[in-house]
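Enquirer: Taken from TrEMBL, the feature active site, proton donor applies to Glu152, Glu395. According to TrEMBL, the feature active site maps to Asp284, Glu418. Marked as disulfide bond by TrEMBL: Cys348-Cys381.
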Amino acid sequence: MTRNRSETVLNYRLFGEMDMKNESRTSVHQNRLIFGSANENMKMYLLSVVRKLFNTKKMTTSDIRRQKIKKMMLHAWNGYKNYSWGFAEVSPVSKTPHWAELFGGDKMPVTIVDALDTLFIMDLQEEYEEARDFVRDNFTMESATTPLSVFETTIRFVGGLLSAHALTKEQFYVDKAKEVADSLLPAFDQVSGIPTSILDVSRKIATNFGWAGGSILAEIGTLHLEFVYLSQLTGNSTYRDAVQKIRDALDRMPKKNGLYPTYINTLDVNIPLRSIYTLSACGDSFYEYLLKSWLQSDRTDEQAQRMYWNASQAIVSTLLKKSSKSNLTYLAVLNGEYTQHRMGQLACFAVGMFGLQAVNELNQDRKDEAMKIAEDLAKTCHESFIRSETGIGPEEFDFEWERDATAANSVHYLLRPEPIEGFFYLWRLTGKP
């Protein structure tokens, strides 16, 4: 599962050539994935029952799982289509359109754009064509009637449109992505090179969230893949130049033990705001974008390579912890000089990040170390689910007192894809079930 849509292209480059190898390598594990430790006779019986339910004797266990996932996607898609078509989102309980200022108003069709690549990959051709036609004929940035999030608009709209282009080669997706990116450029018009979080597109007024006090690391650091790819497709360096200024500013700024602060002074990166360092909310995706930017450049972006590997070492030495109760590996939060022994579901992205680092390490000891960190973190993310009474992991889980990968106060769940994304990366990279 891909959180940022333009990563679809990168993931295909990273994993596509491994498909056939992994299919054969993991075929012996597939029944075990579904049926656990049942003996062979029981496995065959259960498999025959499941196949009968799908009215076929030829479906493999992978086929069955794919069909289930497609049905889940269709359930979500049809719920949106039936009750909120053309609007930003659907409220599933009231079955009415829903929108947040993050997306610039109720007529910004983020659900449609964000689903384009998923519908195409799942071969839901009818649904994809309907979505494609709507975007081609109706979507315009003139629909943005309220201030929007520069970050969310980039990863959902620019990323979604560019992913659709990468899969289909239809040029209008690039044209639409360019329209979106051009409308966002006023937010980058800062002396420091650091964009603001919010932009009123029609009035070209750029501001930040009041609660943040400045720009947010995960937001300003998670624009690079999309803007660089857009420059590659259009031949226009404007977009690459805009995000390169961010990278250069962050490269120069003061750091704590090699870690980047979560909140960045938009006017001057050298003037610190709050001293919070985390791979959970507001700090997360910046770090993986450094690694993926290096890979996107075919491993020629030396600045991204250096910044990532330095940051990785800082994360391991400062934030990576072991719980005293169950010896679980987790990523803590550093708040000033105080360590908060808490990890969020968002930080489960680091499973895939360390896995990607491992396969790109040249030294075998470092390769093994990074992969062990990835697998240990994956176990912790899994434990946060199975230790919950509902089987659903909390938004944040703690490692203090009697709590060990369980929630203290964050007893809600926000459909975070990061844990499954991490498991997907590890399966693709290792072939382990």
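Glycine is no exception: its Cβ is also placed from the backbone N, Cα and C atoms.
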Enquirer: Hey, which of the active-site residues Asp284, Glu395, Glu418 is the loneliest by Cβ count within 10 Å?
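Expert: Minimum Cβ neighbour count within 10 Å, taken over the active-site residues Asp284, Glu395, Glu418, occurs at Glu395.
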Enquirer: Compute the C-alpha separation of Glu418 (active site) from Cys348 (disulfide bond), stating it in Å without decimals.
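Expert: Cα-Cα distance, Glu418 (active site) to Cys348 (disulfide bond): 5 Å.
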Enquirer: Give the distance between the Cα atoms of Glu152 (active site, proton donor) and Asp284 (active site), rounded to the nearest whole Å.
Expert: 14
Enquirer: Given the recorded positions Cys348, Cys381, Glu395, state which is nearest to Asp284 (active site) when distance is taken between Cα atoms.
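Expert: Nearest in space to Asp284 (active site), counting only the recorded positions, is Cys348.
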Enquirer: Distance between Cys348 (disulfide bond) and Glu395 (active site, proton donor) at the Cα atoms, whole Å?
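Expert: If we compare the Cα positions of Cys348 (disulfide bond) and Glu395 (active site, proton donor), the gap is 11 Å.
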